[in-house]
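Visitor: This structure is in structure tokens; I'll ask about it shortly.
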Amino acid sequence: MQSSPNVRAPASPNDSAPDSPSILLSNVSPVPPSPRKSVRLASRDAGSVRTYLAARGVVPGPDATSLQLQSLFDQLSAGSTSPLRDPVPPPRKHLPPPAIRDRPPGCKTVFVGGLPENSTEQTVEDVFGPCGPIIAIRKSKKNFCHIRFAEEYTVDKALYLSGYRIRLGSSTDKKDSGRLHVDFAQARDDLYEWECFQRMLAREERHRRKVEEDRMRPPSPPPIVHYSDHECSLLGDKIKDDVGFAEAVQVLVTWLERGEVNRRNANNFYSMIQLSNSHIRRLMSEKAQHEKEMEEAKDKFKSALAGILGQFEQIVSVFQAASKQKAWDHFTKAQRKNLDVWRKQVQEIRNMHNELLMGIRREEEMEMSDDDMEDPPSSKLSEDSAVSQAEALKEENDSLRCQLDAYRNEVELLKQEQNKNQPQRSEEESTHSQQLSFLQQALQGMQTQLLKMREELKQRESDLEKSLDDKHQLKKEVQTLKDGLQNLKSLKNTEGMQLETSLADERGPEENADQTSEAAVASTVVSCSQEKEAPTERSPQSPVQSEREALLVGIICTFLHVHPFGASLEYICSYLQRLDSKISSSEVELLLSRLPCTFRQDLTGVGASLEKRWNFCGFRGISSL
């Protein structure tokens, strides 16, 4: 039989799903349909034939002849096994989408319901086979089955068939027709395979991370060999070389830490240490060379920055010349606006670079002034209070110097702006002059204050030197007094022995002589003691030397009175630094140690938990004074 060339499959809304709308079931039936079920439409017009063919899913072309239509009608009515087959009718458009459950992880099994009662496993395989390879089909006696696919993506294809109507051949019996319902199914095999796959991915991820960590980990250093005479000679050659010096010194340090030194190889180790020490001169020369290069780079940067500032000044002068009355009137409004914006930008950039250059010069001046102010220490001061006062004066001196430099730079900037900027009004000039006068007065005041602070610093230093000299003199006098007392004791012992052995009539004049000698010695001791007490009366020393220290003592007493079990030095300093951040722990410890009758330091704890704590003992110390 000749088939028509103008036959095409009907379009459906689910054509986008691959292979899903083209499931054809005319060959699914195991036996051909009986001739009784075929409907003959002979002696019908062409419109009726076309309607019948369209209901069966065959749409002939518009130019098909009546003979072609009759042949198609005969094929469908006779139920022949030709290539023309009835497709699965698509679901109606107005029906709601079928409800499905949540997809289980790793789902490869689907539930298919609504199958015809006369359907077999071969029928199910013919319907769902185009979706993908099928592993197993578990069909129930009722109208449903479970299909397990080989891949997960084939489940999505099978879901497209949910809602389609199925019919076995051209039979109109209810047992040969049905409506498909496809849904996800939860199977233990799918879950087991999915868990195995996830564990495999986790193993691969751990392996990948381990490989990445091994790749990013720095290489471990090579093992250091043990000491031997041969290795010692090789190491000496490496130490002499500048390239392998660092590695060789590490080996030498390891040998020394291991305890490889003994009496036999001590000379070898000494020579290697001597070779290491010989590199100091080379390192110092390299450091000096790098410092020289750094200074040259600074000078080069400074000169380049000065050249850039000069060019900025030229550009500013161009804008100043353009802003004068003779040239300004010839520009348009837009041009004037652009010129103002450009001039402001150039001035801001110029000022920024000028401040940078002034900052570099200020740092150099401060370094030079610090070098001038630093003098070699003649002697170490024993009194910590005097040292702290000197340090405080130096800090104030530095802060005043910084303020003075800042005022000086501001004055220079104001002078430069006044000389180079465009002519301003008289009121602005007057305000600038007033500002200059105020700054000059402040500068003079800061200079006088700086001179006073320097004089006070010198005076304090001279007083400290005098007090040190007096202290040395007192120590010498105390030593002489001790020597005199020892001599007196020896004289008394010798004279006592002589008196015991002498005669009774000679004791009188000898006792008178002893009394006169003792009186002379006592007078010398009294005079020396008076000389010793004289400087102490001149310069009495008090443990609290300033009002600030007295205030600190009061605050610490209140704090320790609240803590009856004492507090550590760090705890006390943390409390005081909340009030004043400049307080240091050394200053607090020195102040507490100078007042033993008010504060007492105890050890608390056992073993590794030992801790020093300060306690307030003023109520007990006042009775002992």
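Cβ from N, Cα, C; glycine included.
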Visitor: Examine the ranges 78-103, 494-519 and name the one recorded by TrEMBL as region 'Disordered'.
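Guide: Going through 78-103, 494-519 one by one, TrEMBL flags 78-103 as region 'Disordered'.
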Visitor: Write out how many residues of the domain 'RRM' (108-187) are helix, how many strand and how many coil, based on DSSP.
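Guide: Residue counts for the domain 'RRM' (108-187) by secondary structure: 21 helix, 27 strand, 32 coil.
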Visitor: Summarise the model's confidence over the domain 'RRM' (108-187) as a mean pLDDT value.
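Guide: Summing pLDDT over the domain 'RRM' (108-187) and dividing by its length gives 89.
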